[in-house]
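Participant: Pasting the feature list from TrEMBL:
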| type | residues | note |
| --- | --- | --- |
| DOMAIN | 5-135 | domain 'EamA' |
| TRANSMEM | 6-23 | transmembrane segment |
| TRANSMEM | 35-56 | transmembrane segment |
| TRANSMEM | 93-112 | transmembrane segment |
| TRANSMEM | 119-139 | transmembrane segment |
| TRANSMEM | 145-164 | transmembrane segment |
| DOMAIN | 146-280 | domain 'EamA' |
| TRANSMEM | 176-195 | transmembrane segment |
| TRANSMEM | 201-225 | transmembrane segment |
| TRANSMEM | 237-256 | transmembrane segment |
| TRANSMEM | 262-282 | transmembrane segment |
Amino acid sequence: MNWKVYISGFAVSTIFGLSFLFTKNSIEHINVYTFLAFRFGVATSVMLLLWLFGIVKLKKKPFWKLWKVALFQPIAYFVFETNGLRFTTSSEAGMLIALIPIVITILSPALLKERIRWYQMLFAFLSFFGVFLIVKGGGLEQGALLGKLLVLGAVFSAAFYNIFSRKLSSEFTPVEITFFMMLTGFVFFFFLSIVTGNFTIAFHPAVVVGALYLGILSSTVAFFLVNFMLSKVSPTVSSLFSNLTTVISVIAGSFIRHERIAAVQVFGMILILVSLILNSYLKSKEVEQSR
């Protein structure tokens with residue numbers, strides 16, 4: 001891999017790793033759904049500007065077919081994740097989100113008719129044991145447990161999104177899928193915040209910075225960097241950088257927000273990360289042997 005891939009991988013991991021921190025800081029000063037409307041409003045505006053200047057291309061297609069994708073991401077995912085962050089720490093959320101690739105592995109045989117290997121089941125079990133340690137280490141009080149369950153809801157939403165997006169990838173480009181997701185997220189959360197009577201215009205620094213960071217960097221810049229990486233290396237290799245996201249989110253939560261992290265939670269996170277790395281390694285070896 002050349003240095004541009006390394007820089008892109010580190011940048012993506014950092015952007016996504018800090019996203020939990022910015023979300024947590026923002027929703028302390030504004031309603032959850034209003035903030036999501038701001039975030040996706042910024043993201044949609046950026047995508048429209050890129051389209052107007054010809055940087056991204058959008059063709060006339062039956063975008064209604066993407067309703068399943070939009071239902072799980074951004075709607076369900078961000079309802080679960082953002083509400084979950086109200087009751088749990090950004091560090092714990094980052095640990096649990098690392099479970100997404102494992103859940104995709106488990107769901108793929110049923111939804112994509114893909115064969116699951118013995119080692120994938122083994123690492124799935126180890127990962128879920130890691131989740132148990134993270135949940136137990138953070139406390140099982142009603143509020144704390146609810147927060148973790150909501151984040152796990154986000155994990156499964158992201159897994160379903162990945163699977164349905166993969167099914168439609170032959171018909172729609174990544175740019176088209178992303179644009180539809182951003183626009184759907186803005187419309188849904190804007191009307192939801194109005195219907196619930198929570199829509200307000202807020203200029204608190206944490207809200208403004210959070211909306212700009214998440215709308216521009218997380219939803220646009222990181223997306224283009226991921227596509228650059230995928231054009232240079234295999235998905236298996238690029239996915240290893242995503243493991244760094246969890247580490248960065250934990251470090252940021254601990255040092256910036258001074259969140260307490262129990263030793264058993266760190267062990268649980270290590271179990272999940274090791275499972276992901278070994279699963280990717282064995283899968284890549286299997287692909288090489290089949291050639």
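Each residue, glycine too, has its Cβ placed from N, Cα and C.
TrEMBL labels come from automatic prediction, so no person has curated them.
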Participant: Check the transmembrane segment (176-195) against each of 6-23, 35-56, 93-112, 119-139, 262-282 and return whichever range has the most CB pairs under 8 Å.
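Facilitator: It is 35-56 that shares the most Cβ pairs under 8 Å with the transmembrane segment (176-195).
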Participant: Who are the long-range neighbours of the transmembrane segment (93-112) in its own chain, taking Cβ under 8 Å and residues 6 or more past its ends?
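Facilitator: Contacts of the transmembrane segment (93-112) (Cβ under 8 Å, skipping residues fewer than 6 from its ends): 17, 20, 81, 84-85, 120, 123-124, 127-128, 130-131, 134, 148, 151-152, 154-156, 158-160, 162-163, 166-167, 239, 242-243, 245-246, 248-250, 253, 265, 268-269, 272-273, 275-276, 279.
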Participant: Decide whether the stretches the transmembrane segment (201-225) and the transmembrane segment (119-139) have at least 3 CB pairs under 8 angstroms, with pairs required to be 6 or more apart in sequence.
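Facilitator: Answer no, regions not in contact.
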Participant: Could you name the stretch, out of 6-23, 35-56, 119-139, 262-282, with the greatest number of CB pairs under 8 A to the transmembrane segment (145-164)?
Facilitator: 119-139
Participant: Within the domain 'EamA' (5-135), how many residues are helix, strand or coil going by DSSP?
Facilitator: 106 helix, 0 strand, 25 coil
Participant: Pull the DSSP breakdown for the domain 'EamA' (146-280) and write it out as helix, strand, coil residue counts.
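Facilitator: Helix (H, G, I), strand (E, B), coil: 112 helix, 0 strand, 23 coil.
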